[in-house]
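Taken from TrEMBL, the feature domain 'Guanylate kinase-like' covers 3-184. Under the heading ATP binding site, TrEMBL lists A10, P11, S12, G13, A14, G15, K16, T17.
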Amino acid sequence: MKHDLFVMSAPSGAGKTTLKDLVIHEFPDMVYSISATTRPAREGEIDGVHYFFKTRDEFQKMIANDELVEWNEVHGNFYGTPKSFVEKMLADGKRVLFDLDVFGKVNFDKVYPDAVGILILPPSLQVLEERLRHRATDSEEVIELRLHNAKKEIEFAEKHGKYEHTIINDDLERAADQLRKIFLE
Ligand code: ADP
Ligand code: 5GP
């Protein structure tokens, strides 16, 4: 069966964005779903490319107008999947890759139960911490919060998540190969 929807989830810093950027351009029929968020843009992030950056008011309006497939508050900010983008891409015959937190994925499954789940994990929590610090995009406070949440997210995903595939992102090339295989299936 050909699948149209793929959802990646991972604790922050596991390398989901790096893996996605490495592999997705090899699949011209595949697009990355751009989420809406109230998180401030990081250096180099572009509105409409990495995220649709919204104020909390704008985001609340999107919820009220039923414009989101799912949404969740993650690490103190709102994130959500705009319906219009997904529907247009599917109508255009594209496959869509989503990046959702483990709790948002459960709500996503209620709308799209056949989506293929891919859980990306770091080799250890210590490596996760090193990666978050090395990335140097977040304040100490934000790093601490993301690490604290990582444990809960991994536990939840392993117990309650619907993930058909798990990739341990230790060696980047090996992990990228695993992801390619999933998209080729
Ligand atoms: P996420 O999107 O899951 O939050 P990122 O893709 O931003 O994570 O990766 C976090 C940091 O870890 C980045 O600095 C990235 O370059 C680095 N990284 C990603 N994958 C690996 C890997 N396999 N080995 C070493 N460093 C990695
Ligand atoms: P970041 O701030 O590092 O870009 O993302 C933080 C978290 O938000 C990640 O776990 C990511 O998967 C999640 N996320 C990004 N977009 C969405 C979305 O549209 N919905 C949900 N539920 N989570 C999202």
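Easy rule for this one: first residue shown is 1, then count along the chain.
Here the Cβ of each residue, glycine as well, is placed from N, Cα and C on the backbone.
Curation plays no part in TrEMBL annotations; they are all automatic predictions.
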Long-range same-chain neighbours of G15 (ATP binding site), Cβ under 8 Å, sequence gap at least 6?
-> I120, P122, R131, N169, L172, A175
Protein Cβ atoms within 10 Å of G13 (ATP binding site), excluding its own | 25
Other than A10, P11, S12, G13, A14, G15, K16, T17, the chain contributes near ATP (Cβ within 8 Å of their centroid) the residues I120, P122, L128, R131, N169
Contacting binding-site residues for ligand 2, chosen from S12, G15, K16, T17 when the Cβ sits under 6 angstroms of any of its atoms | S12
What's the most sparsely packed of the binding-site residues A10, A14, K16, T17, counting other C-beta atoms within 10 A?
-> T17
Average pLDDT across the domain 'Guanylate kinase-like' (3-184), rounded to a whole number | 95
